[in-house]
Amino acid sequence: MSDALIRLEKVAVRFAGQNVLDNIHLSVEPGQIVTLIGPNGAGKTTLVRAVLGLLKPDSGSVWRKPKLRVGYMPQKLHVDPTLPLSVLRFLRLVPGVDRPRALAALKEVGAEHVIDSPVQSVSGGEMQRVLLARALLREPELLVLDEPVQGVDVAGQAELYSLITRLRDRHGCGVLMVSHDLHLVMSTTDQVVCLNRHVCCSGHPEQVSGDPAFVELFGNNAPSLAIYHHHHDHAHDLHGSVVKGPVTGQPHVHGDSCKHG
């Protein structure tokens, strides 16, 4: 286990007698990017809570490197509109952070211009960068990013993915990222894990950045995107339970009614 930052083995979580997670095996190593994908209700948020230590599994184990430093970027930040909170004051909620450190973190993510702005006035894309800067202020060995590109168009996704890759390269941290997109993922992902209560399949993404039409559409950020092809050996019913019996015929092709997207 010495090479891993975090390792989950046979993790299961049950709510109201139903399995939300079942027999989950997952690990993240320094410098490794793992992207977690899956349909709504697949257990992605529950898995992130287990990784962060906010939820204890009903069975299985979650091992963390001793004194592991984790930087967490939530999907959204809900702030009372009447609360007088600037971006600087928000970042200084991290212990030991002063203005120079906050400014340096914002510069690293390209958002230094909002340092004195009220958090309520910052745009969605800028707020994502502020949340990423806050995660970096913890000098993390592991970055946990919960849908960092939610609500961002494909060009914006490519730009953010490129930024995350640069941060990984600069800091050498491991990255566990949750994505709402079941097929388009960050090209530098080392492993894609498809979750639907259990690990349905996993593998490497296929780069599409070499396609001239793709490059023309997304420019310099095209290499940040890749397609992930699912290779499921089973199916799920309408309740998300595994349908017993072997999968026969051609490899699974996703349709509009498919639980996996």
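Yeah, the Cβs are placed from backbone N, Cα and C, and that goes for glycine too.
Annotated features, as they stand in Swiss-Prot:
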- GLY38, PRO39, ASN40, GLY41, ALA42, GLY43, LYS44, THR45: ATP binding site (BINDING)
- 6-221: domain 'ABC transporter' (DOMAIN)
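Structure coloured by features recorded in Swiss-Prot.
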{"residue": "ASN40", "record": "ATP binding site", "contacts (Cβ under 8 Å, 6+ apart)": "none"}
{"residue": "GLY43", "record": "ATP binding site", "contacts (Cβ under 8 Å, 6+ apart)": "VAL13, VAL20, LEU21, LEU195, ASN196, ARG197"}
{"residue": "LYS44", "record": "ATP binding site", "contacts (Cβ under 8 Å, 6+ apart)": "LEU36, ILE37, GLY38, VAL178, LEU195"}
{"residue": "THR45", "record": "ATP binding site", "contacts (Cβ under 8 Å, 6+ apart)": "ASP146, VAL178"}
Item to check | For THR45 (ATP binding site), the three-state class that DSSP assigns | outcome: helix
Checklist entry - In the structure shown, which of the binding-site residues GLY38, GLY41 has the fewest other Cβ atoms within 10 Å? => result GLY41
Item to check | ATP site shell beyond GLY38, PRO39, ASN40, GLY41, ALA42, GLY43, LYS44, THR45, criterion: Cβ within 8 Å of Cβ centroid | outcome: LEU195, ASN196
Next on the checklist: Under DSSP, is ASN40 (ATP binding site) part of a helix or a strand, or is it coil?
Outcome noted: coil
Checklist entry - Taking the binding-site residues one at a time (PRO39, ALA42), which has its Cβ surrounded by the most other Cβ atoms within 10 Å? => result ALA42
